[in-house]
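**Q** Please see the structure below; I have some questions.
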Amino acid sequence: MDGFVIAVDRGRYTCVRDGADPDAPTVTAMRARELGRKSVVVGDRVGLVGDVSGADGALARIVRIADRRSVLRRTADDDETTAEGRLERVVVANADQLVIVSALADPPPRTGFVDRCLVAAYDADIEPLLCLTKADLAGPEQVLDYYAELELPYVLIRPDADLAALRALLAGRVSVLVGHSGVGKSTLVNRLVPEADRAVGVVSAIGRGRHTSTSAVALRLPAGPGADGDPGWIVDTPGVRSFGLAHVSADSLLHGFPDLVEGTVDCPPNCPHTADEADCALDAWVAAGRADGRRLASYRRLLASRAGEPDPRAAEPDRTGEPGDPPARG
Ligand SMILES: Nc1nc2c(ncn2[C@@H]2O[C@H](COP(=O)(O)OP(=O)(O)OP(=O)(O)O)[C@@H](O)[C@H]2O)c(=O)[nH]1
Ligand SMILES: [Zn+2]
């Protein structure tokens, strides 16, 4: 029996069977010994044996994990020189899309956080989608201007408008939602999946909150009226407030900045692209107007952060989560 892992809690995996009716009971499973040390995460496609009835108290076993199409990772922090920084976690397997939820106001957009998510998305080979909430409070011009060179797909979310544009982008795919506290991610999840309360209830019944607050949960999107085909899945990541990037090499970090990549062709061999590297061609690239200087500054902040250098702006009082995360001001 093949299935899809939708929640993980203390050695128990909640799975849905492939092809099962959306209302069919979920299957609770444990890992079979033959899996060895391989981890099973939300989004994994697994082979199940044993009692797959989903009845109360039934316990199936996961005997196989399918090859992963993508692996979204994070580390606890950026610093590859510390044990905590090297502690790498797989957030979600087999995601197709990373939906970066950012408010346009209250709290103001944090392009540093978005840039960091873009690095994680490109590193994982997952398509990014910028989801700009609270569009009733502020316009998207500044944020879109910052990403002008990227052709980054985006949607605007306002409380009084339907979510058709977003639903169309979610259809048929597994999309991971990430965002800072207060950006309206929970509000959005509840609007997308009105039964999310029920789903959340199921998860809390197996102990969410007592265990790890960072565990991800996959929620099936409801079929729209008259819609055929698969409406898709969203994966909510309640505890993921930032993406430590210690697992991303300095080279891969650059792939999160496609607007800068071409600017490095004139760099000397093995150029670290840091601000103190006098011959780095990126400064000239920006000076020539080929990319936004704020993007170069953001890239270099991430480079410095990976090397364990403290960000001088992290100490500013109005910054609550993300070191070195400027609002998108011009
Ligand atoms: N004006 C406006 N307010 C919104 C919108 N979406 C959410 N809010 C409000 O923003 C606040 C935060 O929303 P949440 O959905 O709790 O945000 P969150 O990102 O889930 O944050 P946590 O609850 O900390 O995880 C709430 O007071 C919402 O009512 C929106 O589109 N426009
Ligand atoms: Zn360089």
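Every residue, even glycine, has its Cβ placed from backbone N, Cα and C.
The GTP binding site annotation in TrEMBL covers Thr133, Lys134, Ala135, Asp136, Gly179, His180, Ser181, Gly182, Val183, Gly184, Lys185, Ser186, Thr187. Under the heading Zn(2+) binding site, TrEMBL lists Cys267, Cys271, His273, Cys280. Among the features that TrEMBL reports, compositional bias 'Basic and acidic residues' is placed at 308-322. Summarising the annotation, TrEMBL assigns domain 'CP-type G' to 84-243. Here TrEMBL flags 93-241 as domain 'EngC GTPase'. The region 'Disordered' feature in TrEMBL is assigned to 304-330.
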**Q** Could you give me three numbers for the domain 'EngC GTPase' (93-241), the DSSP helix, strand and coil residue counts?
**A** 48 helix, 33 strand, 68 coil
**Q** Taking ligand 2 as the reference, state which of the binding-site residues Ala135, Gly179, Ser181, Val183, Thr187 have a Cβ closer than 6 Å to one of its atoms.
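**A** Among Ala135, Gly179, Ser181, Val183, Thr187, near ligand 2: none.
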**Q** Measuring CB to CB from Cys267 (Zn(2+) binding site), give everything in the same chain under 8 Å that is also at least six residues away in sequence.
**A** His273, Asp279, Cys280, Ala281, Leu282
**Q** Starting from the Zn(2+) site formed by Cys267, Cys271, His273, Cys280, give every other residue of that chain whose CB sits within 8 Å of the mean position of their CB atoms, in sequence order.
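**A** Along the chain, the qualifying residues are Thr264, Pro268, Pro272, Thr274, Glu277, Asp279, Ala281, Leu282.
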**Q** Just to be sure I understand the contacts, which binding-site residues have a Cβ under 6 angstroms from any atom of ligand 1? Candidates are Thr133, Val183, Cys267, Cys271, Cys280.
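**A** Near the molecule: Thr133, Val183.
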**Q** Please work out which residue of Thr133, Ser181, Thr187 has the most C-beta neighbours within 10 angstroms of its C-beta, and give that one of the binding-site residues.
**A** Thr133
**Q** Suppose you look only at the domain 'EngC GTPase' (93-241); what would the mean pLDDT be?
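**A** Taking every residue of the domain 'EngC GTPase' (93-241) together, the mean pLDDT is 85.
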**Q** Can you see whether DSSP assigns Cys280 (Zn(2+) binding site) to helix, strand or coil?
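**A** Its secondary structure by DSSP: coil.
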**Q** Please list, in sequence order, the residues in the chain of Lys185 (GTP binding site) that are at least six apart in sequence and whose C-beta is under 8 Å away from its C-beta.
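**A** The answer is Val101, Thr133, Leu177, Val178, Gly179, Asp236.
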**Q** Starting from the Cβ of Val183 (GTP binding site), draw a 10 Å sphere and report how many other Cβ atoms land inside it.
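**A** Step by step: centre on the Cβ of Val183 (GTP binding site), count other Cβ atoms within 10 Å, giving 25.
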**Q** To the nearest whole angstrom, state the Cα distance for the pair Cys271 (Zn(2+) binding site) and Ser181 (GTP binding site).
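**A** Taking the Cα atoms only, Cys271 (Zn(2+) binding site) lies 37 Å from Ser181 (GTP binding site).
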